[in-house]
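Novice: Annotations per TrEMBL:
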REPEAT    13-47  repeat 'PPR'
REPEAT    48-82  repeat 'PPR'
REPEAT    83-117  repeat 'PPR'
Amino acid sequence: MAKKKFKHRPPADIISYNTLLAGFSEQDDAEEFEKLLKEINENKLEPNVVTYNCRMRWFARKGETFKGEELLDVMESKGVLPNYVTYNALVQGYCKEGNVGAAMRVFKRMKVMKRREGRSDLGVSVHSQTYVLLFKSLVEKERLDDALWLCNSCFAMKAAPSFEAVKGLVEGLVKGGRSAEAKGVVAKMNFLVKGDAKVAWEKIAGELSLEEGAPSSDP
């Protein structure tokens, strides 16, 4: 119905097409989604960041996030700057596919652009779904160096990441013979966590075994 009404309007701009793209993506309507992309090309409309974001989310939903990442280079070549939504779609897509190495690569790429271009809009809250999902995925895949790097990034922003993910990181570090680093993480959490959350964290911290060879807190 939306498509039929759209056809009877004056020639649309890219904003109108973006609205329809997002709608057909949510409906998982591949035929109409591809038709719209073809129309955008035929009408010689210039895709903007929202257009690319729609396409990236589409690929991520299909388990083809790598195709979405390829669009980053296309965007740069056309002078279209990616935004937080762009990177968020790729990081979450890769995490859901279990490809945490690629997710971390994209996340670091975002951090580099933020620093290089002075892009404050690319700042990511440590409580955002991107941070939480990436940290959790890294711990689950035992990518401890990357998980520790991300955890320390949170600490640098004076913020405490997900308690359960930190617990997994600490246990992984101890298991890997890195008790000193595990103790450092716990010490920083003890310092950063305040208010009502402190009780919950202290309960988790009290169950952790920080000495190598000690029994795990898991039943």
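Glycine is treated like the rest: Cβ placed from N, Cα and C.
Any TrEMBL annotation is an automated prediction that lacks curation.
Could you tell me the structural context for the features on the list?
Specialist: Confidence across the repeat 'PPR' (13-47), taken as the mean pLDDT and rounded to a whole number, stands at 94.
Among residues of the same chain six or more beyond the repeat 'PPR' (83-117), those with a C-beta under 8 A of the stretch's C-beta atoms are 49, 52-53, 56-57, 59-61, 63, 65-66, 68-69, 72, 75, 123-124, 128-130, 133-134, 137-138, 141, 143, 146, 150.
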Novice: Please list, for the repeat 'PPR' (48-82), how many residues fall into helix, strand and coil according to DSSP.
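Specialist: Secondary-structure breakdown of the repeat 'PPR' (48-82): 26 helix, 0 strand, 9 coil.
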Novice: Of the residues in the repeat 'PPR' (83-117), how many are helix, strand and coil by DSSP?
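Specialist: Its residues divide into 32 helix, 0 strand, 3 coil.
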